[in-house]
Amino acid sequence: MLGSLLLLAPLAGAAVIGSRADTQQCPGYKASNVQENDRSLTADLTLAGKPCNTYGTDLHNLKLLVEYQTDERLHVKIYDAEERVYQVPEKVTPRVDSGDGSSKDSALKFEYEEEPFSFTVKRDDEVLFDSSAENLIFQSQYLKLRTWLPENPYLYGLGEHTDPLRLSTTNYTRTFWNRDAYGTSANSNLYGTHPVYYDHRGESGTHGVFLLNSNGMDVFIDKTADGKQYLEYNALGGIFDFYFFTGSNPKEASIEYSKIVGLPAMQSYWTFGLHQCRYGYRDVYQVAEVVYNYTKAGIPLETMWTDIDYMDRRRVFSLDPDRFPLEKMRELVGYLHDHDQHYIVMVDPAVSVSDNGAFNRGLEQDVFLKTQNGSLYKGAVWPGVTAYPDWFHPDIQDYWNSEFSTFFNAETGVDIDGLWIDMNEASNFCPDPCTDPERYSSENNLPPAPPPVRSSSPRPLPGFPADFQPSSASRSQKRIVKAKVGLEGRDLLNPPYKIRNEAGSLSNKTINTGIVHAGEGYAEYDTHNLYGTMMSSSSREAMQYRRPEVRPLVITRSTYAGAGRDVGHWLGDNFSKWEHYRISIAEGLAFASMFQVPMVGADVCGFAGNTTEELCARWASLGAFFTFYRNHNEIGNIGQEFYVWPTVAESARKAIDIRYRLLDYIYTSFYKQSQTGEPFLQPVFYLYPEDENTFSIDLQFFYGDAILVSPVPDKGLTSVDAYFPDDIFYDWYTGTPVRGHGANITLSNIDITHIPLHIRGGSIIPIRSSSAMTTTELREKSFQLIIAPGLDGTASGSLYLDDGDSLEQKATLEVEFEYRKGVLHIDGKFELHASLVESVTLLGQGKGGSRARREDGTKKTIQTNLELSKPTEIKLE
C-alpha cells in the first residue's frame, strides 16, 4: 500500500493551543490492578480527574509494564490500553529480549505511588529517576513527564547537537526533529535523534535513560522557581517506552546501552584510511588529478569520493555523459583498484521526477510516497522536482537492490567500494506548504547549471590511462486502523503543541508530515525521525546484495538511535571555523561512545566557507584521531586538499604516519566495540570516572584506552593547557614520562604540524614498523610493541587481525599482551598468520640487558623478530 497526505482535524474535545503552565493543572493518573512478581510488574492507569485536554485529548486508560530485564537494565513502558497509539516499529528498532532478571538481583529498583501515579528508579537507595515532579500527561498529540534531578548534575547525550559534551542544566532545550541543518548551529535540532541521556555520579556510578520514541519532542533541563533541578519530556505522540541502564562507570553504561539498541557494525580495514572529497569537482579529470596530486605529494590517499557532481543533472543513479562518462569512470575506478585504493560516491534518497530509469522503475513498482488523491507526492531538491522512496513499502528493498546492482555493477557500471547517503532527514528545499514544486525548481535554478565540458585533463597525469592525458586533438491509500500505528483524527500537520524546530513548522523543508506510509500505514508525523535510518539499513542491504561477502561501508547524515548497527556518520555541513574544529570533538565523542555510532568524523578543514592554512593544518592532525577521516568542502570555496599548502601537507603526512602505524590498534579497539559495545573514542572522564575535574573536559579525549589526545584549541596558539589525571603518561614522540597529578600542564612550542599525544601508563600498543601509502601495503609491514608501564609497573594490550574485509572470517589472530615483573607474556588464538614483531620498546626508567638500546634514559628497545604463532614469554629486564 502507498502513502497518502491526510489533512486531519484535531480530535473532538481537544483544546486550542495552550501553554506549558496549563499542564500543571492536569489530574494525572491512578494506578490499580497492580500485579507483581520477581521479574515484572503490571498495572492499569486511569485518568485521576477531569481531562485537561491541553494539547489534544487525554487518554483515560493506560497500561504500565515494568520488566527487570537484566541485573543492569530496567524496562518501564506506559502505553494506551487499546494499543492503538503509535509505537516505534520493531523492524526499525528490534526489541531486546525481556531477559531473565529479577527484582531481588537487580541493581535498579522500581517503586511507585498509586495516586497521582508516579514512579522512581533507584540504585542502592540513590534516586536516579523520580517522575513525581509533575503529574503524568498522556494525550492524543502530547506526552509530558518530568523527573527530578540532583543539584548540579553531570548530564550527557540527547543528540544530535553541537553544544558542549556536558549538557547545560539551566534553561536548556534539546529538540528532536531531524532536519537539513546547514551550518550545524548550536542550541538547535540537527540531523539525528538519539533520545538517551547519561547521568554520571562519580563514585556511585553512571546510569542512562533511553526513551524509545521517534516523535517530535522537546526535552527541557532547567530549575524550578525554588531551585529544584529537573528534566522534562514533551513529545508530540507515541508512548513512554523507557529503558534504564546502569554501570559502575560510564564505559560500562555505554556497553549496557549497546545491548538495547544493538552493537555497531564492524568496518573493513581500508575504511580507516584517509578519504578525500569535495562538492564541486567539475569532471572525472579533476577527480583523477586530485588522486595524482596526493600521490605526488607523498600523502597516503586511501579512498577518493565524488559528490553529486558525477550525476546527470543531479539525478541519482545516473552519470553526466559529458563530464563523468561511464567509460572514463570505469577507467578511474580501475586505476584506483589497481593501486589498492577505493572509490565512493553519494546517493540521495529523492529521485528526479523526469524520464529516467530510476524514476520510471520506481513509478512502475509504485514505491514512492503518494498523496491522498493518489498523485505522486513531490518535493524539490538538487535535481529539481523529486519523488521520495517509501522505506515502509513492502517492495522498496527489491527496488533499491536492483538500482544498486545495476548502476554500481562491477562489470558494467561504477564499481564503488562504499556508499555515502545524504539529504535523508529527508531534505526538501521547497518551503511548506510546497504546493508547486515545479515552479519552485524553475525559479531557483534546480538543477544548477553544470560547468563547461572538457575533453581531456589540462595537464599530464603520469600512470593514468591515455584518455586522462591532455588531448591532441495510480492509486491512493486511506488510513487503516491498526494496533500501534497511531490514533485517528489527529492534526498531523499543525499539532497544538509546537516543538522548537529550528526550521519552523514540522513539514517545512522536509516531507509533509501528513503522508501515510505503505505497509502498516504509519504516518510521517510519527516516523519522520526514522527516515534516514531506514534509508541507511536499506542501503546497507543493497550494498551487501551487490557484494555479499564483504563488510559494506555506508556513511549517512541522518540517524536515529541504533543507527550504528548499519552505518557510520559524518557530522554534517560544518563551517571552516575554529569553533567548529573544537565542537567536532564533543559531537564525535557523543556519537562514538554514548550513541554507539563509532565510525564518525567531521569534514576536516570545514565544509562551508574558506578555510585557512593554519586551521587546516591543525584540523588535518585532529581529524587523524577520529575513526572516520575525510577532507571535504563545498563548491565555490577555495580548494583545501591537504597538498594545497606545504604546512598542511606536512601536518597531514605526520598525522597519517602516526595513524597508519596505529591502524591495527584502531582496528582491534573498533572490533572490540563491535563485539561488546566497549567504546573506542572516549571522553577523558570515561577512563577517570571519579576525577570530577574530567567530567566537563571536551577538548581532550582518549583514542582508545591508551592514547590521550590534546589538540591545540585555537588560532595563533602554540601551547595547550592539557589536563593530566593522577596517573603516569608518556610522550608519544619521545617516550618521556609525564606524572599527572590531577592538574593542567602547559605543553609549549607546539608546531603547526604537531599534535600532542601521550600514552597512558598500563598500556601495550601494537604498531606497524613504518607507515605506507595504502592500507594494503601497510598490512605487509612488521609489528613493534610499545610497553608503557603503569604506576604499578604492569601493562596490558591486545591485537586483533583478520583478512580485513570479509563479513565471515575463516581465521583470526586474537592476542593478549601482559607485562609484569620485567616479563612480556603473549597468549591468545593464533589462527591467522601475522607479520613478525621485530622489536619491543619499554618506556620509563629501567635496567636494560645486553640487547637493550637506550634513548635519553627514558626507553629501551629490544630487537625480537618474534613470530606471533604461539604463546611466548620475553624477559625484558
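The backbone N, Cα and C atoms fix where each Cβ goes, glycine too.
Taking all protein chains in view, 25 other C-beta atoms sit within 10 angstroms of the C-beta of ASP422 (active site, nucleophile). Under the heading active site, nucleophile, Swiss-Prot lists ASP422, citing sequence analysis as support.
Swiss-Prot lists GLU425 with the feature active site, giving similarity to another entry as the kind of evidence. Other C-beta atoms found within 10 angstroms of the C-beta of GLU425 (active site) number 29, with every protein chain shown included.
Under the DSSP three-state reduction, ASN171 (N-linked glycosylation site) is assigned to coil, being neither helix nor strand. Within the same chain, residues at least six positions away from ASN171 (N-linked glycosylation site) with a Cβ under 8 Å of its Cβ are ASP222. Annotated N-linked glycosylation site per Swiss-Prot: ASN171 (among others), in sequence order.
ASN293 (N-linked glycosylation site) falls within a helical segment according to DSSP. When Cβ atoms from all protein chains are considered, those within 10 Å of ASN293 (N-linked glycosylation site) total 18, not counting its own. The N-linked glycosylation site feature in Swiss-Prot is assigned to ASN293 (among others).
As annotated by Swiss-Prot, N-linked glycosylation site applies to ASN373 (among others), with the evidence given as sequence analysis. Look at ASN373 (N-linked glycosylation site): DSSP puts it in coil. The Cβ neighbour count for ASN373 (N-linked glycosylation site), using a 10 Å radius and every protein chain shown, is 10.
According to Swiss-Prot, the feature N-linked glycosylation site maps to ASN508 (among others), an assignment based on sequence analysis. In sequence order, PRO431, ASP432, ASN501 make up the list of same-chain residues 6 or more apart from ASN508 (N-linked glycosylation site) whose Cβ falls under 8 Å from its Cβ.
The N-linked glycosylation site annotation in Swiss-Prot covers ASN574 (among others) and rests on sequence analysis. The Cβ of ASN574 (N-linked glycosylation site) has 27 other Cβ atoms within 10 Å, all protein chains considered.
The N-linked glycosylation site feature in Swiss-Prot is assigned to ASN610 (among others). Sequence-distant neighbours of ASN610 (N-linked glycosylation site) (same chain, 6+ apart, CB under 8 A from its CB) are SER576, ASN637, ILE638.
The Cβ of ASN744 (N-linked glycosylation site) has ASP721, ALA722, TYR723, PHE724 as same-chain neighbours under 8 Å, each 6 or more residues away in sequence. Feature annotation from Swiss-Prot assigns N-linked glycosylation site to ASN744 (among others).
The feature region 'Disordered' is assigned by Swiss-Prot to 432-476.
Among the features that Swiss-Prot reports, signal peptide is placed at 1-14, with the record citing sequence analysis.
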(message) Can you work out which residues elsewhere in the same chain, 6+ from the ends of the region 'Disordered' (432-476), have a Cβ less than 8 Å from its Cβ atoms?
(response) 2, 4, 282-283, 285, 288-289, 292, 295, 313-315, 320, 322-323, 327-328, 331-332, 335, 366, 370-375, 378-386, 504-505, 507-509, 512
(request) Pop the Cα-Cα gap between GLU425 (active site) and ASN293 (N-linked glycosylation site) into the table, whole Å please. (result) 35
(request) Based on DSSP, name the secondary structure state of ASN610 (N-linked glycosylation site): helix, strand or coil. (result) coil
(request) Rounded to the nearest Å, what's the C-alpha distance separating ASN373 (N-linked glycosylation site) and ASN574 (N-linked glycosylation site)? Just drop the number here, would you? (result) 40
(message) Measuring Cα to Cα, how far is ASP422 (active site, nucleophile) from ASN574 (N-linked glycosylation site) in Å?
(response) 14
(request) Could you tell me which three-state DSSP class ASP422 (active site, nucleophile) falls into? (result) coil
(message) Cα-Cα, whole number of Å: GLU425 (active site) versus ASN574 (N-linked glycosylation site)?
(response) 17
